[in-house]
């Protein structure tokens with residue numbers, strides 16, 4: 001069996017640790033804990049790292065297509081490895097949740113998130129496992145684009161790091177239990 005854990009974000013130093021890149025931040029943490037490094041794959045348009053856990057190959061994926069085209073990399077990997085949608089877990093930011101909150105879902109619309117919209121368009125379904133990490137709404141008249149592409153202030157950054165630890169725990173629990181519904185019940189409380 002194989003699992004794809006995909007963190008959404010934008011490639012490049014310019015976007016490092018911005019609000020829109022919390023998916024990349026989580027994937028980076030998982031890679032660090034597993035002591036694996038990423039290599040760029042031009043065919044899949046993604047940075048990939050992998051490890052084995054309980055006999056399953058786990059791919060850590062950071063699409064390099066920029067957020068709005070994330071579905072290209074996800075679809076290419078699912079197709080190449082002949083994986084089911086159940087083998088996919090997407091981790092991404094959510095404007096409509098307060099900073100640091102997490103929510104696990106097994107289906108849903110894009111909710112205005114262009115990376116999720118791209119994935120839905122490319123894989124042809126809204127039914128896939130996902131973990132949303134709250135980044136909050138823009139304040140003081142800031143545009144949504146400026147908000148998601150900005151870095152966290154100090155207090156929010158501390159909260160996001162704590163959230164990433166919780167998401168890390170939930171992902172590891174999911175990989176051990178192999179049941180996303182059970183993981184949702186445990187971590188959505």
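Keep in mind that glycine also has a Cβ here, set from the backbone N, Cα and C atoms.
According to Swiss-Prot, the feature active site, proton acceptor maps to 20, an assignment based on sequence analysis. The Cβ of residue 20 (active site, proton acceptor) has 8, 9, 10, 67, 93, 135, 148, 149 as same-chain neighbours under 8 Å, each 6 or more residues away in sequence.
Following the DSSP three-state reduction, the secondary structure of residue 66 (tRNA binding site) is coil. As annotated by Swiss-Prot, tRNA binding site applies to 15, 66, 68, 114.
In the three-state DSSP assignment, the secondary structure recorded for residue 10 (site 'Discriminates between blocked and unblocked aminoacyl-tRNA') is coil. Annotation source Swiss-Prot lists site 'Discriminates between blocked and unblocked aminoacyl-tRNA' at 10, citing sequence analysis.
A sphere of 10 angstroms centred on the C-beta of residue 93 (site 'Stabilizes the basic form of H active site to accept a proton') encloses 26 other C-beta atoms. According to Swiss-Prot, the feature site 'Stabilizes the basic form of H active site to accept a proton' maps to 93, an assignment based on sequence analysis.
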Seminar exercise, completed: Residues sitting within 8 A of the centre of the 15, 66, 68, 114 CB atoms (tRNA site), not counting those, run 10, 20, 65, 67, 69, 70, 115
Exercise. Using DSSP, would you call residue 93 (site 'Stabilizes the basic form of H active site to accept a proton') helix, strand or coil?
Worked result: strand
Exercise. What same-chain residues, at least 6 away in sequence, bring their CB to under 8 Å of the CB of residue 114 (tRNA binding site)?
Worked result: 67, 68
Problem set entry | Same chain, 6+ residues apart, C-beta under 8 Å of the C-beta of residue 66 (tRNA binding site), given in sequence order | 10, 11
For this session: For residue 20 (active site, proton acceptor), name the DSSP secondary structure in the helix/strand/coil scheme.
Result: helix
